[in-house]
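A.B. asks: In case it helps, Swiss-Prot gives these features for our protein:
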BINDING   56, 58, 114, 133  Zn(2+) 1 binding site
BINDING   60, 61, 133, 171  Zn(2+) 2 binding site
């Protein structure tokens, strides 16, 4: 049976996400920015939290873990990098590990760059990836702890996922990401269509996530830094993908 997924807002612009296995009743939160919105989402559905799958140690992704752990006695899964302080962890995971949420199987991808400990969770049967702050809709995370080559390698891992996979990310940044991307590729038809869609969704008060990996591969300039069209957009014809990516990220940091 297909998993049920619920998306909701936490803090100011964070997304909270629940993935639920109807066969067993198991429910996992992908990160826990704060506890109350997670509790409210669970109560609306009549679900009980069994797991928290942490992507990285930033406070806006783990701020609700302690309270949720106390309330539900749920299992807390976190990246294996112990240099990042994350409290209440029951299980540490790394590249290729499989996490069971009831009958649902989540595969761990190490996607460092934004932070050194960052992981993404891929549920292949459900055709969904939870990429948190590595890959955003039409964007990517800032490189705080890693290097540009490290982040580019992480994006390539995510780009290898099938086009049909849905992407859930950690923040509602799509509008600003599109405005930046249009400065690089003002004539990209997929990007322009996405811009119109995002304007409509935001006007209706609806989230711009999830998006499809196939769409990201056509419109996300960070994910396409090795595309000659993107290189031309930053006047770096012939440069490597990682060189173009670094230039894009530097420009976005200043925008």
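All residue numbers here begin at 1 and follow the chain in the order shown.
Quick reminder: no glycine exception, Cβ is built from N, Cα and C everywhere.
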A.B. asks: I'd like to know which of these binding-site residues, 60, 133, is least surrounded, judged by other CB atoms within 10 A.
C.D. replies: 60
A.B. asks: Which residues does residue 171 (Zn(2+) 2 binding site) neighbour through Cβ under 8 Å, counting only same-chain ones at least six apart?
C.D. replies: 13, 14, 15, 133, 136
A.B. asks: Express the distance between the Cα positions of residue 60 (Zn(2+) 2 binding site) and residue 114 (Zn(2+) 1 binding site) as a whole number of Å.
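C.D. replies: About 14 Å separates the two Cα atoms.
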A.B. asks: Determine, for the Zn(2+) 1 site, the additional residues of the same chain whose CB lies within 8 Å of the mean position of the CB atoms of 56, 58, 114, 133; present them in sequence order.
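C.D. replies: Result: 55, 57, 61, 115, 118, 132, 134, 141, 144, 170.
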A.B. asks: Taking only the Cα atoms, work out how far residue 61 (Zn(2+) 2 binding site) lies from residue 114 (Zn(2+) 1 binding site), in Å, as a whole number.
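C.D. replies: For residue 61 (Zn(2+) 2 binding site) versus residue 114 (Zn(2+) 1 binding site), the Cα atoms are 13 Å apart.
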A.B. asks: Does DSSP put residue 171 (Zn(2+) 2 binding site) in a helix, in a strand, or in coil?
C.D. replies: strand
A.B. asks: What is the set of residues, excluding 60, 61, 133, 171, whose C-beta falls within 8 angstroms of the centroid of the C-beta atoms at the Zn(2+) 2 site?
C.D. replies: 14, 31, 33, 56, 58, 132, 170
A.B. asks: Test of understanding: give the count of other CB atoms lying within 10 angstroms of the CB of residue 58 (Zn(2+) 1 binding site).
C.D. replies: 24
